[in-house]
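A.B. asks: Structure provided below as structure tokens; questions to follow.
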Amino acid sequence: MSDTRTAAPAPTAAPAGGAEPMLAVRGVKTFYGNIMALKGVDVDVHRGEIVTLIGSNGAGKSTLMMTIFGQPRAREGQIVYDGRDITKMPTHEIAHLKIAQSPEGRRIFPRMTVFENLQMGASVDGFGHFDEDLLKVFDLFPRLKERINQRGGTLSGGEQQMLAIGRALMSRPRLLMLDEPSLGLAPLIVKQIFDAIRELNRAEGLTVFLVEQNAFHALKLAHRGYVLVNGLVTMTGAGRELLERPEVRAAYLEGGKH
Amino acid sequence: MDVFIQQLINGLTLGSIYGLIAIGYTMVFGIIGMVNFAHGDVFMVSSFIALICFLLVTTVLGITSIFLALAIVLVVAMFFTSLTNWAIERVAYRPLRGSFRLAPMISAIGMSIFLANFVQVSQGPRNKPVPPMVTDVIVLMDNNGYQVTLAWKQVIIMAVTAVLLMGFWYLVQKTSLGRAQRAVEQDRKMAALLGINVDHTISLTFVIGAALAAVAGVMYLMYYGVAHFADGFVPGVKAFTAAVLGGIGSLPGAVLGGLLIGLIEVFWSAYFSIEYKDVAAFSILAITLIFMPQGLLGRPEVEKV
Ligand SMILES: Nc1ncnc2c1ncn2[C@@H]1O[C@H](COP(=O)(O)OP(=O)(O)OP(=O)(O)O)[C@@H](O)[C@H]1O
Ligand SMILES: [Mg+2]
């Protein structure tokens, strides 16, 4: 574990501190029918940061990820991206601002091949860098290359997860949102994915907003973290700092090592 | 044997027309889960557009080459029928999206009645004839007076259908438009997340379905030489049967179903009774729905997601 520790960026080195955030979620309330799933959430993601959101099942993490894309729409509050209010913007236009999401449940197109799924990811980028980006994704997940003509619906869960992340990367996002990327993956692949996220962030300055059950890894990777409980942010701070807090350890890191 | 070959030719011709209409049913069902009851009437409207256009082209413009005239009629009918269907989707179905599931279907029934009545009032309740367009026939066999013939118009129908289906297949399978269409069909929300404009894609589906129905409308007009305001219903239901038989949502299924329904209809008429040919088609609809609701090429219900 000590090797990852040294490779990780120092938690205090969060870039662009003080400047206007790339993504600002302000007092967002989201409803499913009459049930309020988000009860006024504030989250900032700055350029070049890795930010993670942790919380137990049903806390509203995926709801926040989808609300940023207007699915469902925030009933109150504001979502600002790059200085633009995107709260009421149509979902597909939000995608064209180069925000990409690998959503909960992966949502692979089941009757399209791996290749076509990746093509779908590249549609907002206009296919200008398709071959180059495809090689990058295959570098990251050689497994996808072997399965290139297989239909998405017949991939294993882990392969689908790789495809969902690869598809998100194909759009050349400026903000990459990942909802539980480690779900269903073998520990070795999880490490690979987390290393890849760190590397994309370090080398290309990619901004990442990450939802994770795997709080230990996520908080170690992230510059900053938020803890969501029942639709409200209860704690925020540098990743390592949260990792040390007894409340966090008790609630999300029970069992010590993960 | 002679009768068999003759009916095979006739059945494939008729089946091509049903197949072209069936694609519109199956695509719309695939993408928004709605049985578009007005689709048969859109087909009927296209044959009237073709009729008017044909008369204008041959009389006003004085074009004498029948193939040039047909080509113009085909393009014009495809364009205006697509426009009509695009408008129908905008006014009658899109506002009901997100409403209860039956709402757009009820709206479609209303639209079907509207189209049939509009044509009845504006074009009259009788059969509208056009002058015969293509009359040449090829005699394939002659057995003591029973001739097996292949009419040129049958050749045209099968050839045009085959070419357009290939173009359509290419569009859906190989272009980004087609990919977007399939993506919306498979997971609308994810498609939007990837930057696909879902509303435009659904409109496009209606436009493509109408264009193919218009091809069927032109072929129908050329084959039978008449257009009638009520002609949306029976061919419409048969094409719908074809879509269900092939497996609703499946594009190859729609074509296969169309050909089968065409063949069943003509063979039934030839060997059993012509009066009951429509009953044959409707019985197949009922039997398919009861015993094989997923159809011949329909996908199995369970799918790993
Ligand atoms: N489509 C929906 N309709 C109604 N309620 C919903 C819907 N989606 C989510 N909810 C509810 O909203 C709350 C938040 O759900 P959400 O999926 O955002 O949780 P989560 O933090 O992502 O949980 P998990 O870690 O299990 O993925 C839950 O109580 C859930 O039951
Ligand atoms: Mg979730």
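The backbone N, Cα and C atoms fix where each Cβ goes, glycine too.
Predicted automatically and left uncurated, TrEMBL annotations should be read as such.
Owing to the predicted nature of the structure, the values given are computational and were not obtained by experimental measurement.
Annotations for this protein, taken from TrEMBL, read as follows:
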- B:12-35: transmembrane segment (TRANSMEM)
- B:42-61: transmembrane segment (TRANSMEM)
- B:67-88: transmembrane segment (TRANSMEM)
- B:100-119: transmembrane segment (TRANSMEM)
- B:151-172: transmembrane segment (TRANSMEM)
- B:193-223: transmembrane segment (TRANSMEM)
- B:243-267: transmembrane segment (TRANSMEM)
- B:279-297: transmembrane segment (TRANSMEM)
A.B. asks: Would you say the transmembrane segment (B:193-223) and the transmembrane segment (B:42-61) are touching, if the rule is that at least three C-beta pairs must lie under 8 angstroms and be 6 or more residues apart?
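C.D. replies: As far as Cβ distances go (cut-off 8 Å, pairs 6 or more apart), the transmembrane segment (B:42-61) and the transmembrane segment (B:193-223) touch.
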A.B. asks: Which bits of the chain, at least 6 residues beyond where the transmembrane segment (B:279-297) starts or stops, bring a Cβ under 8 A of a Cβ in it?
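C.D. replies: Counting only partners 6 or more residues beyond its ends, the transmembrane segment (B:279-297) has Cβ contacts under 8 Å with 237-238, 240-241, 244-248, 250, 252-253, 256-257, 261, 264-265, 268, 272.
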A.B. asks: Report, as numbers and ranges, which residues of the same chain sit near the transmembrane segment (B:12-35): CB under 8 Å and 6 or more residues beyond its ends.
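C.D. replies: Apart from its flanks, the transmembrane segment (B:12-35) reaches 42-43, 93, 97, 101, 104-105, 108, 154, 157-158, 161, 164-165, 168, 181, 184-185, 201-202, 205-206, 208-210, 212-213, 215-216, 219-220, 223, 235-236, 238-240, 242-243, 246, 248-251, 253-263, 265-266.
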